[in-house]
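> Encoded as structure tokens, here's the structure I'll be asking about.
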Amino acid sequence: MKLTNSISPTNLDGEINKNSQPSNDNQQQQQPKINKIINKFSESINSVSKTIGKGIGDLTSSNALDEHIKNHNSNFIDPFYNEEAVVVVDDENIRSLIGDNCSSIGNIGVNGIEAFYGEHNNKKSELIKQFLKINSTNNKSNQTIVVDHMDYSVMERQSSSSSSSSSRSTGVSKLIPFLKRKEKIEILKDLSFYLKPGMMVLLLSEAGSGVSTLFKCLTNRIPKRGSINGDILFDNEPIDGESHHSQYLFVQQSDHHISTLTVKETLEFSIECQSNLSREAKKQLSSNILSILGISHVADTYIGNQSIRGISGGQKKRMTVAVELVKGAKAIMIDQATNGLDSTSAFELLNSIQMISKVSNVPALVSLLQPSPEIFSLFSHILMMKDGEITFFGEKHQIFDHFSDYGLECKDKQNPAEFLSSIYHQAQLDPDCQLKSSSDFIVAYKQSQYYKDCLIKISQERLSNHKFSGDKSIKIIENEKEQQQQEIYQLSLIKQIQLNLKRAFLTTIRDRASILSRVIKSSLLGLLIGTLFFQLDSSQKSANLLPSLSFFLLTFVVFGSLAGVGQVFSERPVFYDQKIGKYYKSIAYFFAGLVSDLIWNFIDVIIFCSISYWLIGLNHSADRFFFFLLAIYLLDCLVNRVSKMVSIYSPNAAIASTIAPLYFSLFLLMAGYLIHRNSIPIYWRWMHYISPFKWVFEAILSNQLHGQTFTCKSDELLPPIGYPLLNVSFPDGYSGSQVCPIIDGIEILKSKDINSDYSYKYYSVWIILSMYLLFSILSIIGLSNITFDNIISNKEKNNGNGNNNYNGKESINEESIKLSIKQHQQKQFESNEKCYLTFKNLTYKVLIKKKNHQKVSRTLLHDINGYVKPGSMVALIGSSGAGKSTLLDILANRKDQGIISGEILLNGKARDKCFNRYVAYVEQEDTLPDFQTVREAITFSALLRLPNDTMTHQDKLDTVDYILDVLELNSIANTLIGKVDHGITQEQRKRVNIAIEMASLPDILFLDEPTTGLTSVAAELIMQLIKRVALDGRSVICTIHQPSETIFKKFDSILLLTQGGFVAYFGELGPNCRTVLNYCSDLGFNCPQGKNPADFLLDFSASFNSASRLASNDKMIPSIRSRIKNVGNYCFDGSSNLNNKNEIKQQQTTTQNVNLGNEDKQQQQQEEANDDNNIQEATSSNSNNNNNNDIIDNYQFSNLNRDTIEIIDSGLPIGFISKTFKEKNATSFLFQFFMLLFRFFVCAIRRRNLIMTRIIRSILLSVVTGTLYLQLKNDQDGVMDRISFIFFTSTFASISCLSNIPTVFEDRFLFYHELNSNTYRHLSYILAMILADLPFTIMYSLLFSAPIYWIVGLQNDVDKFLFFIFVYYLYLQVLVSFSQLLGMVSPTLATANEITGISFSVFSLFAGFIIKKDDIPSYYKWLNYVSITRYLVEPLTVNEMTGSVSFHCEPHQLIPVPIHYTPTNATASEPTKLVFKSFCPITQGNQVLYQFDINDTDKFEDTFVLIGLFIGFLLLILIFSKILKFKK
């Protein structure tokens, strides 16, 4: 039976469906030339697509799919055609969809590709069948999507570079972004197209054309600042904001996954959240999807990130597809899902999508950058866009007719996909073409009959159903329950919370560094406080220490709970995606995180309190202990919740780390310890009552002091011994009488203005709980309503800052490149001194820990031999996970983990310290400076990496201009690079990355997938440039995915790797790839005519028994216990033979050779060989292969491999003089330092939001604190208020420096990359980083210290004022350096925050204020010298307490001393009389210094110590940042 529906005029093989009717009479006769082109390409890829379809045809032979097929049988009127189109889906139809003529691939033998693909596709057909059956309840067949005259625009703050900037844009508005005027920026304009059931639509465009924005509009992911005009209809209904997620599958460009979850765990979480299947069905679906996408072998591998080794980039992309396939078969939307995949994997992925689309009758819209002919054949329609508008939409065969009318014709042997991808570029080069500008293409399409037919069909579709009113504004239906026919969420709220809670626990447990730091922090601080305040008694000393102890507990909680900031930002992208996908409600995610935090916080607190409480010797009553535990726990939870709430509302971690300390600083100040309640001005007293620290401080004190009595030792009585008037007779003196100041706890409470009612402490519990509830509600509101989007319009549109212009001078072709070189940069680009790189017997092993905790030595690369000669290009190709990037890392000297054996020689010599000067490495992950412009980043690289002795400054700048020109970066040259989701596009980032490395004019250029993420035109241009580089005498080694035939033929040699890191071929490519194809042909593998040789070689590399090979990669490492047992058996068992002994010895040697420090980071692709039996079986299998060699053995024993080894061993050509460098770096230290200093300073200025936040924080705290201590009096309260004020300035500085850690942490990955490239010296970077921060630190310190000095009313002395602000700046600078040290040496941001909490707590505790130096136990005296805070408190105290300052007592501050004396008129009945004489404790500043054990000389000594600490931290940063590098 034939397929009667003519929705798609082409079949899977790209052939024109003769039954399809053109949309107008003028085009009923297809041009013979166009038909010839299409048919020629159809023939060229026929064998491949049909062979792949061979196995799929078996879908119809099984009864398992019968029920699914019946569900899709339907008759319907298709408004897109004038006649009735009857779709009858039966066995024959399915065969026609997937190809029923299964011809063999060439003339190949039993072991060839036909047998391989036959078995592979039979399995895949079964998997597709199972997938559709399992997900039958979630599938949505017969969907139709209509986009009718849709526009999309956003309101953006006026760009400083915008030509529309007026006089209103003042200097202030440039500094403060939110003061700029908003302007409307159009991103998408007048889009009209449709997606019908079963249609496969290929979306082709240039970078910056708004494709990703279009997908966001279709999936209802647009930001609130944007607006849509026009209609988007799904099944003739407008988008329903509540249920729209169930209408589509969307695979976006970015891969957002939690790095510490495995592939299987990530997929299972998605299945649980998005399906309502049975438990068994969910397991089958998980296994099914992993198998369809070819990632079953990495199911138990972590996803990974920049610091954690995990799956490869291509596997991450397939993981992104996997979590969407969970939804079932429905409208499919894919935004560049093949980036990072090899061509075979890309075809397999899209072929699976096409099967699902056709069999389930759902539409698919897929954007691709470099589609191969095989991939191109999968699509029925083409949608082309440029500058946010459509330049064509229609059937695949129609597009060639359309463009041929304007002089753009596809040549006979040209790939149609490449022709269409480069059509705008070709139009510029063709003088006969009538289309030049973007508007020409747009107008041409809108004047065509194809556009008119599209509008007619859209109108017919809309008229067929009158449910929609036709309003021109998009209608998002919110909360209309009567229109919801299904549940928005698949799971109940309880189940959602359970799943999120399980995931939260997994991610926390696997962050071992963070857990370890938390446990150590709680234990150490518990021991520290417990032993510092060890066994407090009833003395006056203990009475004075209790308030200090209570306050320190508050600071401990604050410093220890700020680590929650980093967690929010690491999980935010994943949460945003899953929130939009309706995985769970925001409240479920929140509650899961809340419960997780409550549990982990309790563990922290119980460790801390259990240790410290009993060591301190607080009240032994059980109820008092549990209340103490409760109070600390509630405060810890509240502080953690506030930190996370601030993070939810903050755009980045640096802002959150600035705002959160502001909150804590203010409310710590208002707690009632540093300044008593009655001393707080009435206008700030409200802050005292809403401060959570006030309630906990008072509760802890009240809990301990009620019922407590105190006594005095002789040296604690007042007036003290040695007081001049103590023994003077009354009334001039005290007649030797003394008094005990504090006799019970109630007196302490009253002195602190605390309610003495015992039940008062319970109020704090309810108030803290209320505050926790408030901040929880705010968190839920933020999670539900705030999304920091990444649509950046002004980089894509008006200013030309984001699209590839092919107009005028910016149109570059190969001839112009050659001309540009000859005229301008030939001298710079030609390499007079050549470099040879050889590698022999290169093997790479790592140690991993498997699921059963068995340690395994895994070989990732096996005996790799090869070389690269000057002027040649070597391609490293292989499937995903074959080890291409690993090999490139090793050759480029970027691997510092694992065990590398073999020989790598540069010009016949081992690599030395100058090796990286010869090479440049374009890494797969684009590590770029966020706050530099494109030109600045490239110029920075050129100026530092090009030698000054052979090139002038102008030569370097000319090189930069040339690279900008060739890579077509001029249009964005002055645009900030930004982050991945908030800057230039991914395609542009790739070109910038290549440009930065090219700027060094390397002798050997390593490139890891340089064309991934690029359009065909951009890829072609880049490879032209790279070829030109090679022709100028440089060596190029490049891994590449999905190369077009044109690009592939530019290489001179290839190194073909198989799964497991084996070599299948190394040698010349030959003219038209004949050399390598002849080699394959000799082995019985013939490349079909017209097939891309690169794709054929990838198929060839997979034609071996991978299971046995991969199993043999692993060698078990026996445990120490088993080794001892084996040795014992050998010693005592006479039957032990020499082989057993050798086996033990070999295992021991293997253990010694593996880096044991990277067990968790070295998880790789395969998880076979779970026990010794597997290895024995693999060994046996390999031994059997000797009689029937596979492609690996064939190459290993081939003449080609022997010839390669002979060439390597023969050494350098006779007379060759190797190029040598004497210095590791190309430029001097001073030049590097000033370049880095300038970059740091400029980038810091461009962080405007962060600068303004810190400025506001400094000014706000200065004003609030100053007015709180407004014009301090010289009474007794004024004495302690001065000391507490000085101490608070240190607390503010300590908390403020936390915001520096995220910035340093983010920048260090760029530092690692540039340091590996020998861009600069390690010392120059560290010095520049620290010194560049000096001006900003000075500014922040002055904004705080200068106003507050006079507001508080310290001594009216200019010298003392200048000393105050100078010492405060020094202290702040030291803390900044300390935070920079932690940012450089901590493995994670959470760990850095935990270490900061411990450090700042210790600094505050031992500064001499909370506990005086005399009261510090002898075994902790050294911590007083370690405390950085001491060196601020002491000099500022001396500065204030010396000079003309004096103090007095107000009447209520005098201490009455009882005196018994004999009056002159005494009688026998009353010989003595009791009187009271008032005592004023402090009248001079030196008394304060004496009490705190501070000397006048400390003022300057401590100042020099601060300077020394600054230098010391600088040295520590230099040392530890060189030793510790946290990379994969």
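Indices start at 1 and increase along the chain as displayed.
Every residue gets a Cβ built from N, Cα and C, even glycine.
Copying in the features that Swiss-Prot gives for the protein in this structure:
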type     : residues                                       : note
REGION   : 1-32                                           : region 'Disordered'
COMPBIAS : 1-11                                           : compositional bias 'Polar residues'
COMPBIAS : 17-32                                          : compositional bias 'Low complexity'
DOMAIN   : 167-412                                        : domain 'ABC transporter 1'
BINDING  : S205, E206, A207, G208, S209, G210, V211, S212 : ATP 1 binding site
DOMAIN   : 509-738                                        : domain 'ABC transmembrane type-2 1'
TRANSMEM : 514-534                                        : transmembrane segment
TRANSMEM : 545-565                                        : transmembrane segment
TRANSMEM : 598-618                                        : transmembrane segment
TRANSMEM : 625-645                                        : transmembrane segment
TRANSMEM : 655-675                                        : transmembrane segment
TRANSMEM : 763-783                                        : transmembrane segment
DOMAIN   : 837-1085                                       : domain 'ABC transporter 2'
BINDING  : G878, S879, S880, G881, A882, G883, K884, S885 : ATP 2 binding site
REGION   : 1159-1189                                      : region 'Disordered'
COMPBIAS : 1163-1189                                      : compositional bias 'Low complexity'
TRANSMEM : 1225-1245                                      : transmembrane segment
TRANSMEM : 1255-1272                                      : transmembrane segment
TRANSMEM : 1285-1305                                      : transmembrane segment
TRANSMEM : 1334-1354                                      : transmembrane segment
TRANSMEM : 1391-1411                                      : transmembrane segment
TRANSMEM : 1504-1524                                      : transmembrane segment
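For the listed features, I'd like the structural context: burial, neighbours, distances.
Through the fold, the transmembrane segment (514-534) approaches residues 508, 545, 549, 552-553, 556, 560, 563, 600, 603-605, 607-617, 1388, 1390-1391, 1394-1395, 1397-1398, 1401-1402, 1405, 1411, 1416-1417, 1419-1420 of its own chain, all at least 6 residues removed from its boundaries and within a Cβ separation under 8 Å.
Within its own chain, the transmembrane segment (598-618) is flanked in space by residues 508, 518-519, 521-523, 525-527, 529-531, 533-537, 549, 556, 560-561, 624-625, 628-629, 632-633, 636-637, 640, 704, which lie at least six positions past its ends and keep a Cβ under 8 Å from the stretch.
Distant neighbours of the transmembrane segment (625-645): 553-554, 557-558, 560-562, 564-565, 567-568, 593-594, 597-598, 601-602, 604-606, 608-609, 613, 618-619, 656, 660, 663-664, 692-693, 696, 699-700, 703-704, 761, 764-765, 768-769, 771-772, 775-776, 778-779, 782; these residues of the same chain sit at least 6 beyond its ends, with a Cβ under 8 Å from one of its Cβ atoms.
Sequence-distant neighbours of the transmembrane segment (655-675) (same chain, 6+ residues past either end, Cβ-Cβ under 8 Å): 547-548, 550-551, 554-555, 558, 562, 565, 568-569, 639, 642-643, 646-647, 684, 687-688, 690-694, 697-698, 752-754, 1249-1250, 1253-1254, 1257, 1260-1261, 1264-1265, 1268-1269, 1281, 1284-1285, 1287-1288, 1291-1292, 1295-1296, 1298-1299, 1301-1302.
Long-range Cβ contacts of the transmembrane segment (763-783) within its own chain (Cβ-Cβ under 8 Å, at least 6 residues beyond either end) map to 575, 579, 586-587, 589-590, 594, 630-631, 634-635, 637-638, 641-642, 644-645, 648-649, 692, 695-696, 698-699.
DSSP assigns S879 (ATP 2 binding site) to coil in the three-state reduction, placing it in neither a helix nor a strand.
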> Give me the non-local Cβ neighbours of S880 (ATP 2 binding site): same chain, 6+ apart in sequence, Cβ-Cβ under 8 Å, ordered along the sequence.
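Listed in sequence order, they are S312, G314, Q315, G340, L341, D342, S345.
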> Suppose we draw a 10 Å sphere around the Cβ of G883 (ATP 2 binding site). How many other Cβ atoms does it contain, all chains included?
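So the number of other Cβ atoms within 10 Å of G883 (ATP 2 binding site) is 27.
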> Could you measure between G881 (ATP 2 binding site) and E206 (ATP 1 binding site) for me? Cα positions, answer in whole angstrom.
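Here the two Cα atoms are 29 Å apart.
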> According to DSSP, does S205 (ATP 1 binding site) sit in a helix, a strand, or coil?
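DSSP assigns S205 (ATP 1 binding site) to strand.
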> Please give me the CB contact count at 10 A for G210 (ATP 1 binding site), counting all chains in the structure.
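Within a 10 Å radius of the Cβ of G210 (ATP 1 binding site) lie 27 other Cβ atoms.
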> List, by number or range, the same-chain residues at least 6 past the transmembrane segment (1255-1272) whose CB is under 8 A from its CB atoms?
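Tertiary neighbours of the transmembrane segment (1255-1272) are 658-659, 661-662, 665-666, 669-670, 675, 680-681, 683-684, 1278, 1281-1282, 1285, 1288, 1292, 1296, 1339-1341, 1343-1345, 1347-1348, 1351-1354.
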> Write down the Cα-Cα distance for G210 (ATP 1 binding site) and A882 (ATP 2 binding site), rounded and given in Å.
34
> If I take every residue in the domain 'ABC transporter 1' (167-412) and average their pLDDT values, what number comes out?
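Within the domain 'ABC transporter 1' (167-412), the model's average pLDDT equals 85.
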> Beyond G878, S879, S880, G881, A882, G883, K884, S885, what residues of that chain have CB atoms within 8 A of the centre of the ATP 2 site's CB atoms?
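Leaving out the recorded residues gives S312, D342, T1039, L1057, Q1059.
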> In the structure shown, which of the binding-site residues A207, V211, A882 has the fewest other Cβ atoms within 10 Å?
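Each of the binding-site residues A207, V211, A882 was scored by Cβ atoms within 10 Å; lowest is V211.
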> For S879 (ATP 2 binding site), list the number of other Cβ atoms lying within 10 Å of its Cβ atom.
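There are 22 of them.
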> Return the count of C-beta atoms lying within 10 angstroms of the C-beta of K884 (ATP 2 binding site), excluding that atom itself.
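Neighbour count, Cβ to Cβ under the 10 Å cut-off: 26.
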> Quick one: of the binding-site residues A207, S209, G210, S212, which has its CA closest to the CA of K884 (ATP 2 binding site)?
A207
